[in-house]
């Protein structure tokens, strides 16, 4: 088939949409690391798709349909595992997220149409990254497919994330894709590829792809683990959340037995040098009322165990409750029962510095939309959809909590990260700004069964280690338990889906990276530029709609009646 026939084929747009989605999927974790380089060209078919539709005179609605098709396929290929909780939840996540992601693509289309191709192609990465920044901070946050996450399996390629954060990866992907596309097709794309090659642009694309790889190799080859060493034990009890974990399930394991299992697994790896133990998310699952927690028999057991192991601190997941004296004192997420009054339920971390120090709490702050947090405007729409876990709005806290150093480890200051929170770069950096020397991640991976979902989450944690140059200790109820070093390399990882514990030596770095010191710069800058572009777009659109062309006006005046 000739070039002209291919360009005019009615199936060409659909094929190009599918090709982009497939390339994004193949390049995404958890496929082999070298395949991540496909992300640098994955958007080229989409750019050609948009160019073909414009050349055919297609409507904006048709451009939207094919853009949306591209995004739905990509979302489905990479995050299909959400449907393991319920089919309805998986479909909702794919359809809605793809719809939101279509906004920057359509903004690009209209900018290119009204302000010209040069500014149009320049606007695309700006709109996209502005959207990614928004998607990190609003009620419907779901940044799983932030483009910079795509290199989570290939951490050797992005050691420079300590300067840019993962949005730097998004810039890299768009820069190379645009240079490759423009080098092959140009801004008009009206001539066969063999006649439209632009060696200068293709050379720039090669440099844009190669220089970050070279820089990453240079940084990675020189990096050594920083900070004093510390022995940590992380525990994986492997209690199935669907059948065993919660009261009322078919094979419910009594909470006392769950605690016994945690203590037994911990003892198997504990040594006199151990200074920190981490148990997984909701390891202590019953409602623990924070104001009366010391009277709880299981807390008494934990205290007794810690007394037998002086010098050991414990960080554990826990479901905690805070009571409020009246409605005026209650938070916006507070619930009410006649027999309890106003109260909040939290997916929390509880930190026992030693056997006698008061328990410190951290309340999970990045809540999964539709699972742990339902935006008020959408409560009636999605409250009935199960996306995995307990549906309803949990309480949260505004500030990051860094747990204080125990007596035997003065350099240990733990950043508690609960599951989903580990995909947020700027959020994790806030802990380090507050003095954290170790990332302590506790999670329950089994909601998504044995799928790419929990494997992707594991790898996303490696990016947080590079951005902050902190070691990460990971405790999963089911899934992967182990450690990640400051270069994003996994070690001492236990086999998934079996009861286990892992002992590892981490390093407590106290230095702050450029990304930690200065925070997220790329995302906010893109948002400012996107607003300016949209203002220009609006002015141009209004001028076209209501303005009068000067030549036509003069002819109208000169024409005789």
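FYI, residue positions are counted from 1 along the chain as it appears here.
Every residue gets a Cβ built from N, Cα and C, even glycine.
In TrEMBL, annotation is done automatically, which means it is predicted and not curated.
Looking at the stretches 28-46, 47-65, 66-84, the one that TrEMBL records under the feature transmembrane segment is 66-84. Record note: among 197-219, 220-242, 197-219 is the stretch given as transmembrane segment by TrEMBL. Ranked by the number of CB pairs under 8 Å to the transmembrane segment (90-109), the listed stretches 66-84, 166-185, 521-542 are led by 66-84. Tertiary neighbourhood of the transmembrane segment (66-84): same-chain residues 13-14, 17-18, 20-22, 24-25, 28, 46, 49-50, 53, 90-91, 93-95, 97-99, 101-102, 105-106, 109, 144-145, 387-388, 447-449, 451-453, 456, selected by CB-CB distance under 8 Å and a gap of 6+ residues from either end. Non-local neighbours of the transmembrane segment (521-542) in the same chain are 107, 110-111, 114-115, 119, 123, 125-127, 129-130, 132-134, 136, 164-165, 167-168, 170-171, 426; each lies 6+ residues outside the stretch with a CB under 8 Å from one of its CB atoms.
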